[in-house]
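Peer 1: My questions will all concern the structure given below.
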Ligand code: TYM
């Protein structure tokens, strides 16, 4: 039986966080047997906001190593670096030309990030890529005829836009793209900041105590969880509106234990916040220790580079076929209809 194809990526703007892990990476790893999986390290997306070249290099190296340290298996999945497959940017350009400025300006992430760049740097220098990047993301997805795109909640709007662009192109030029569906985890599609649980946990979070990075020092991680914001009720129940901090800790626990929120609530019934934090700390530390051990093993070996080369080669095969089809149908390739 043919497996359905999935594709996803993570941007190299900073450290991979527990939010990225629970919302995305954990699912890539878990779904490798069931789906034909294409995952990539989105380094071209990593330059949409200004970044120092040495930091970018370090981010990419860490991120590619982390994919494998988290459990991506090069025998089962196709794992590659985005800029190694040139077709992404060519299709990205074609899609940019078939997307409106209005559509891009409506993207929540653009609104948030452009405001942030302005307020942090006091500058009007908003890179154009910050606006147009959803068209590149659409190309990432449509090049591979992905049927599903496993992502966290914050990326759903971009996938919706991808569907709109794909439908528009199919209608205008003839069938060329598969319409992708999104695939968000039942538990953990939006992990919140530990210090401000009304905000998403983010790699560029202002307060480093608010996010956990997979490569954080283990003692720091324990401290961060201990100092996570809760409330004064000392009742453990899931109620995002009134108890965002406790709900976030319950979510992290459930996701990493692979149990439902209700099961977690049952487990913590009549227990106090101290125990909740201890238990969350145990599951997180357990996970991070395993990942960090594997990371150290892989970081200085040549294995990662050779796996990425092999991944890019396989990805190019699908990508070049699709790009040729698009060029034929849109008239760019003047010799073919
Ligand atoms: P990025 O790098 O911001 O995030 C990578 C993945 O992690 C998820 N995520 C979260 N999930 C739960 N809780 C959080 N706090 C949290 N923070 C992040 C995101 O939803 C995402 O799934 N543009 C994308 C990368 C990308 C991509 C693609 C994804 C580029 N091309 C094609 C899918 C398909 C991005 O910036 O994700």
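Cβ atoms are placed via backbone N, Cα and C, with glycine included.
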Peer 1: May I ask you to find which of 165, 191 TrEMBL records for the ATP site already listed with 11, 12, 13, 19, 20, 152, 153, 154, 200, 201, 202, 203, 204?
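Peer 2: Checking 165, 191 against TrEMBL: the ATP site match is 191.
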Peer 1: Cβ-Cβ under 8 Å from residue 191 (ATP binding site), same chain, 6 or more residues apart: which ones?
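Peer 2: Set apart from residue 191 (ATP binding site) by at least 6 residues yet with Cβ under 8 Å, we have 17, 18, 19, 22, 23, 152, 200, 201, 248, 251, 252, 255.
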Peer 1: Other than its close neighbours in sequence, what residues sit by the motif ''KMSKS' region' (200-204), given a CB gap under 8 Å and a spacing of at least six beyond its ends?
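Peer 2: Contacts of the motif ''KMSKS' region' (200-204) (Cβ under 8 Å, skipping residues fewer than 6 from its ends): 13-20, 116, 154, 190-194, 210-213.
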Peer 1: If you check the binding-site residues 140, 191, 203 one by one, which have a CB less than 6 Å away from any atom of ligand 1?
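Peer 2: What lies within reach of ligand 1, judged by Cβ under 6 Å, is 140, 191.
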Peer 1: I want to check the contact list for residue 20 (ATP binding site): same chain, sequence separation of six or more, C-beta distance under 8 angstroms. What comes out?
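Peer 2: Spatial neighbours, sequence-distant, of residue 20 (ATP binding site): 10, 152, 203.
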Peer 1: Compared by Cα position, which of the binding-site residues 11, 13, 153 is the closest one to residue 140 (L-tryptophan binding site)?
Peer 2: 11
